[in-house]
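Here is the structure we will look at.
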Amino acid sequence: MAAVNRDNEEEVKTDDGSPKIKPRPIVRLGIFLIAHSPVFSVVFSAAGVLALLLLPLLAKNTYISENALMPGSARSMLSNRDVSDGSKLVKDIKNFRLNHEGQGVEVQKLIGKYMSDMGAEVSYQKFHPEGNQFHPLHFFSGPDSYTLLENVSCASYGVNVAGIIRAPRGDGKESIVLVTPYDFINGGDYEDLSLGIVSSLFSLLSRVTWLSKDIIWLVADSRYGDYRPVAAWLTEYHSPSFKVSDLLKCDEQNTADNFRRAGTMAAALVLKVDGRSEKFEDTLSIYAEASNGQMPNLDLINVVNYLAVHRQGFYVKVEKVVSLLSSSWLKIFGEIFEAVGKLAHMLNPDWNFGIPAADYLEGSATLASSLYSQALGIPTGPHGAFRDYQVDAITLKVSPRFPPDSKTRQHDFFLRGARLLEGTIRSVNNLLEKFHQSFFLYMLTSPSKFISVGVYMIAFALLVAPLPMVAASLYIDGCKSLTNSTDNPTENFKSWKWLDAAKQVFTLHLFGFIVTLLPYFICQVPGQHSPTNRSIMWGTTSSSLLLITFVTMPGCSPFSSRLHGTNWAILKSVTISAAFIGLCLMSIINFATAEIGALLLVPTCLMAQPIKPALRSRRLKSLLGAFCSIVLLTIGFPVMFFAISKGLLGEGLVGLSLGGEFWTWLESLWAWKSATYLYIGMVHLPCWLLCLCILFHPS
């Protein structure tokens, strides 16, 4: 009797005594799923969408994971004297600007003098404006790569001011950074208030004895935006440049020689006073999203939120999609979930499932904003520059409830704002190591509620789960159809027929790669500076390249007779496999992009089918399937989806203006090195074209 390998298979005998191999349970499960892939596709896709809608209900209350932080455990030491120092700086800056209009450098020297009088080490750093030009070789380069603008005068350079307080209990190896963006040329009254808050705190920190980390106060010249000056300062801080540049020609003295540095950055806080609050209390908005969906450690947000709400009485909020707050269909889902939650609580008081419909709307709107901001891959504030160096940072935008010229309320505003920063710095100062205890992968539904990676990945996993099952089922069906037309059915399952389909998939993905690089060459064309003109040139060039691809490789054309030799089921199988691999890879780089991409790409790939058999049969089911395929392909086209998104946000765009807006949007993606740009060009667009080939397959 033959030996039986019990680890891999079980051997049983049939009636005639011949051995029969019984598949292992996992193999039988796979065969069952493949055999019923249409049913499971509907079930898993519906479950994925439902799981996404349930995320606001599954949000947890935030909590402090690192015990050493101890927010609010110490009494504030900020005094009226410190606040008076901050008010004096604001008053002197306003008076100086009135008497010396346009002399921004003198304002920087005034701020530097205040820092020096407090005992800080002061340094100035000049930087140049950065060009917004796409370069494919710089896409994956470090954060210190940039493009110089040509013909920049000495007056165009920005100047940052940085003051460092050395910690009396530290060894100079760690630091905490405070950043206040300030436009030295056209700064407003609200920007002056941000300087007053941090100056009040800086006055206190110059005298305390409990500091174990150096304190850096960076006043960033924001005439060219808030992000660029912070990024330039960080570049010089971490990667000093010793080469002679045009900057030195504009210096009375070499500013690189007196650039001061402290230790490794433990955390960074960016403070901005931005407009008047619409609430009856001062409002604090927290911005945490950095490039490509990176987020700071959740403990940093938790500390700020706890101190702001429970110690200083701020109204704390995070961004939300306001249009969703009035969404009728989302309100219906909220009422359904609320009713189900009440029913579950009646059955078992320990089941706290539902939340009020109003809270569900708020959570969904905040979650949608968090998902969109992470998927876009563009930092929501200057704090994004710190995440490029793995420094946890957030931007705090404070909106006072009083006008900026109100002297009576300014003192209290400075006191509460500075105490908030003081408490946060005290907590970070207690850390013996970097933030590591809490979450780095999460989404917010409110300042005090979050969804961890273990929860929100479920929705994505359910959405993409049907793809490998359907791909395997289609491949088997394709081989069976070839079996009916040949004399050797066994060889069809072992043949290399799928290589023809793989060649088409590879060719169109190569086309997507070329289209992704085209903007670099278009930007080199002289005289083409209008976004509309560039978008027209990009669309024309891409269409021409696609036409050349179809002509030179007829097998890739959806209208070519050579596609008769390629079974559409096998082509769809390879297409779905490519989409599955692309989405899974994107989920590692930026989950939010992969989630939104799956919502568009998965139903498009699953519903794609040849339209000619449906038109010939004229059956309602076939016609409905073909109609759904056309609708999904129309919505899935990147430009069309962009237009629909704009329409949902209430921005009407038609004709050539749509192309210009789309080009501007793409420019922002590649300028910030967003991986979403690569996903659109190298995953979504090729798969969309392959689904188009399947739709017009001459089967």
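Glycine is no exception: its Cβ is also placed from the backbone N, Cα and C atoms.
Quick look at what TrEMBL lists:
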{"type": "TRANSMEM", "residues": "29-55", "note": "transmembrane segment"}
{"type": "TRANSMEM", "residues": "453-476", "note": "transmembrane segment"}
{"type": "TRANSMEM", "residues": "505-523", "note": "transmembrane segment"}
{"type": "TRANSMEM", "residues": "574-602", "note": "transmembrane segment"}
{"type": "TRANSMEM", "residues": "623-644", "note": "transmembrane segment"}
{"type": "TRANSMEM", "residues": "676-696", "note": "transmembrane segment"}
Seg_contact(the transmembrane segment (505-523), the transmembrane segment (676-696)) with at least 3 CB pairs under 8 angstroms, min sep 6: yes
Long-range Cβ neighbours of the transmembrane segment (574-602) (under 8 Å; 6 or more residues past either end): 45, 48-49, 52, 292-293, 370-375, 377, 441, 443, 453, 456-457, 459-460, 463-464, 466-468, 470-471, 474, 498, 501-502, 504-505, 509, 608, 635-636, 641, 675-676, 679, 682-684, 686-688, 690-691, 694
Stretch in 29-55, 623-644, 676-696 most in contact with the transmembrane segment (453-476), if contact is a CB pair under 8 A: 29-55
Spatial neighbours of the transmembrane segment (676-696) far in sequence, C-beta under 8 Å, 6+ residues away: 139, 292, 375-377, 504-505, 508-509, 511-513, 515-516, 546, 556-559, 563, 568, 571-572, 575, 578-579, 582-583, 586, 590, 593-594, 597, 600-601, 604-605, 608-612, 629-630, 633, 636-638, 666, 669-670
